[in-house]
Amino acid sequence: MAYTISSTEIQKTTRALQPARPTPWAWLMLPGSIFLAVLFVVPLGWLLLLSFGAPDWTIAHFVRIAQNPAYIGVLRTTLQISCVVTALTFVLSYPIAYALTTGGTKLRTFLLIAVVLPFFTSVLARTFAWVVLLGRNGVINEILLQLGWVSQPVALLYNRIGVIAGMTHVVMPLMILPMLTVMSSIDQRLLRAARANGASPLAAFLTVFLPLSLPGLIAGILLVFINCLGFYITPALLGGVSDVTITMEISAQVVGQLNWNFGAALSTVLLVAVMAVLWLGSRFFPIEQLLGFSDDKIGLDKTARRQMGTQWLMRIGSAANALDRWLPSMGGRGIPIFASFLAVLLLLPVVIVAYLSFSASSYFVFPVPGYSLQNYERYFSDPLWLRATVTSIRIALMATTMATMLGAMLAFGLSRGRIRGRGAMIALVLSPIIMPTVVVAVATYFVLVQVGLQGTEFGLALGHAVHAIPYVVVIVVANLRDLNPTYERAARSLGAGPLATFRTIIAPLVMPALIVAAFLAFLISFDDVVYVLFLGIGRIATLPMRMWEGITQDINPTIAAVATLQMVFATIVIFVNTLLGRRKAQS
Amino acid sequence: MLMRAMPSSTDVKTGGIALHSLQKRYGAAMAVDDVSLSVSPGEFISLLGPSGSGKTTTLMMIAGFEMPDSGRVLLDDKDITRLPPHRRELGVIFQNYALFPHMTVAENVAYPLRMRRVPKAQLEARVNRVLDQVHLGAFAARRPHQLSGGQQQRVAIARALVFDPPVLLLDEPLGALDKKLRQHLRNEIKTLHRDVGKTMIYVTHDQEEALAMSDRVAVMHEGRIRQVSAPQDIYRRPADLFVASFVGEVNLIPAKLRSGVAHGPADETLAAPAWSDGDMDATLCVRPEHLHLGTGEAAAPGIQGHVTGMTFVGDATIVEFRSNSGLQLTSKVLNISAGAMLGVGDNCTASWATNDATILTE
Ligand SMILES: Nc1ncnc2c1ncn2[C@@H]1O[C@H](COP(=O)(O)OP(=O)(O)O)[C@@H](O)[C@H]1O
Ligand SMILES: [Mg+2]
């Protein structure tokens, strides 16, 4: 989801690369857009119709939501959790993003690992880590008991505390990455200029850095808030009976009670809420640009809107400067140390799960009584686990093939082709990662049922492909931006036809990006549990599905081994990505 | 805090900078190596050198953004080596200007005054005055990206002037501009220097700029200052081979100095100023415009050879000359008269006046 920030870049790039006349490139968009129309737009439309009781039109479902205190309670819980988590995430993320921008090379590398590794580790594995940390016999309670700070285990899991802690941890990378994108585009010399003009470090931060990083902060807050509203896995696994969120209610209605119309109505409410937040955000930030809804032009009125806040910060900065002489010199160490501490917290759950996976005990005991590979042995000798793994790989391969091919074609079409309504096209391509996954999955389920594809591995792969296409597009488009068109012109001038140019110039240069995109698409499908819960429940046992069942039923340490293997796989993806990136930078 | 009501042109006592053996190392490489320099109040001094010679690093140590590994920076005899940049009261004009993109021109210029908590009425008056001074009064409400490069440059200057610092530090301020504009702004900065009388330390890799603007030029190479002199002396009396070849074009002629006479590669006698260090091997430096090519009886004694190429460059013609011993020399002849000139292949003799040659030993 954090990749959406680059859609502004898509806009810029694509315009810069556009040839003067319409080109056949635009046709490349056709297969992908049909795919997304059938598997994304149609399902959401269908969902809307169902929520109004089609074919017997009624608004009774919405009335029921509005009048039943239970559902009002669900909405309130969702909103409360989302607000608290967003606020907490913001406070914890800003120092990390700041240190990531301004710190030394070593600090930056460490922080980046701390942000990126959890980001690529599946939400399920990270949520599982919190189950292990917060449980009655969990790591935190063990430590508290051993220190003698409490005499009985404290209830941390299956209540609001657990949900908020887990969700905050899971969404932090989503806040940090867009902040980082904007912050790292701030010219560091501006801070020097502020200092040279008499601003203390604090004043320079308040009057120059903070106002300039504002778009990133708003983007991060929006992304995280939207994500929280539609979050399913973490609240479902860590929350208690009083923490039912709207996504859990949707799942209960659709899967549990087969109450499709009402589930559709709840989904529509969630969808409208997300759109409303996006719209609200667009009043402070050119979100239409972030999502590709408009063709550029950040007008002056936007900057004027920000003016007020800036003036205010200027006053505070100026006041801070007057105090500078009396304030003790803070030295530059405070922020890096604090950021590193937060980064350790970000990494810790993931690390603890890996540590516990090597335990010699068949229960979660902290610290481990001894090391062994028994959890891994159990995984590799259990036909159920292995079959689930193979199923996951099979589905992921199907999804990867579809997403990579369609996504790459879309990317080429968007970059090189000229059509009307390209902005709308970009919005369509990117929205599967903005819309709540639960809603998209439910909608897809409704449509697949019509054609008898529900509960099939192919149907599931279709769903995963829709979700993976935006990532593929963003990665490939970013790569095409770096592809200097003069190479192609040179090839053409040297006698290569269009096809030969593609084969000898474009394809080899885009290949690394395609590989990265394919890995990411694979990871998205391989880690998914939300789609499986709706599209394949009871029929398809993927690896995450088995983990999910394991976590909800008996929390056995084999899951720790599986989660660790998933993390190792994520690490490989990051590594390949970095390696290909470096090779490209060298060439 | 510096808040004089009068412009500092009446006050030439402040603004002296002294650098004592500054050293700065990045990893294994010496970025600045034992740099000492004394700049008098009101002086315009350039740090001239190729890219990577340590000019910016030196300037940033004066501004307080880099901490020297050793050595001291003095401002008017006060040690400011450890003073943080915002308390140094030095105006800095950065490479690429570093204007705040989220503020208008007026807000940019007001920034240093806001940071000093200058009262509003006084602040506005000073901002307006300095904006008028750089002819940007009409652009106060614009944002930096709505200005041309030259206008942005003026805003940067206005911002650095408005709090009336005794010293301005400029890091390649004209680097991003095209040639015509560079020359124009060069004159503007020079005029400004005359008007405000501030000490200016000007970093550039453009020798023409340095020679045209400065009272003195400090030539830097590999972190060291090789020569500090008035522009004329830098050009006419370079202290070493690097300075000679970095500033302007030069002919380098290997010479053997034996008992008061200079001998060329083919043992011919060469014109050279007197020296006092006894016999040695040296290099004679002769600027192309001082190298005369003569034919026949009229030719002064010098190096025998022939013309290998001629290039017309407008005001002058560059004549390539190759001596019989294989030495390649260049002569620059002003196109004053349309009289008969040499042609390619003509035999001739290269000579110069005794005082136009510099002896360098290295
Ligand atoms: N922050 C830095 N880290 C490492 N090396 C640096 C840094 N800044 C400058 N250098 C090195 O120090 C030398 C001098 O740089 P600089 O002062 O920028 O030169 P100039 O301004 O004359 O081009 C160069 O070799 C440069 O690579
Ligand atoms: Mg420099």
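Glycine is no exception: its Cβ is also placed from the backbone N, Cα and C atoms.
In TrEMBL, annotation is done automatically, which means it is predicted and not curated.
Database features (TrEMBL):
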DOMAIN    A:75-281  domain 'ABC transmembrane type-1'
DOMAIN    A:389-580  domain 'ABC transmembrane type-1'
TRANSMEM  A:25-49  transmembrane segment
TRANSMEM  A:79-98  transmembrane segment
TRANSMEM  A:110-135  transmembrane segment
TRANSMEM  A:155-181  transmembrane segment
TRANSMEM  A:202-233  transmembrane segment
TRANSMEM  A:262-281  transmembrane segment
TRANSMEM  A:335-358  transmembrane segment
TRANSMEM  A:393-414  transmembrane segment
TRANSMEM  A:426-448  transmembrane segment
TRANSMEM  A:460-480  transmembrane segment
TRANSMEM  A:500-523  transmembrane segment
TRANSMEM  A:559-580  transmembrane segment
Beyond the flanks of the transmembrane segment (A:202-233) by at least 6 residues, Cβ under 8 Å: 1-2, 4-5, 78-79, 81-83, 85-86, 89-90, 93-94, 97-98, 123-124, 127, 167, 170-171, 174-183, 186, 190-191, 193-195, 245-248, 251, 270, 273-274, 277-278, 281, 284-285, 287, 290, 306, 309-310, 313-314, 316-318, 320-321, 324, 327, 330, 434-439, 529-530
The transmembrane segment (A:559-580) versus listed stretches A:110-135, A:393-414, A:426-448: most Cβ pairs under 8 Å: A:110-135
Feature contact check the transmembrane segment (A:393-414) with the transmembrane segment (A:500-523), CB under 8 Å, 3 or more pairs: yes
For the transmembrane segment (A:426-448), distant same-chain residues with Cβ under 8 A (at least six beyond the ends): 1, 3-4, 7, 10-11, 32-33, 36-37, 39-44, 46-47, 50, 226, 229-230, 232, 247, 250-251, 254, 260, 263-264, 267, 270-271, 274, 278, 291-293, 410, 414, 454, 459, 462-463, 466-467, 469-471, 473-474, 530-531, 533-535
Residues of the parent chain within Cβ reach of the transmembrane segment (A:25-49), under 8 Å, 6 or more residues beyond its termini: 264, 267-268, 271, 402, 406-407, 409-410, 412-419, 425, 428-429, 431-432, 435, 439-440, 442-444, 446-447, 462-463, 465-466, 469
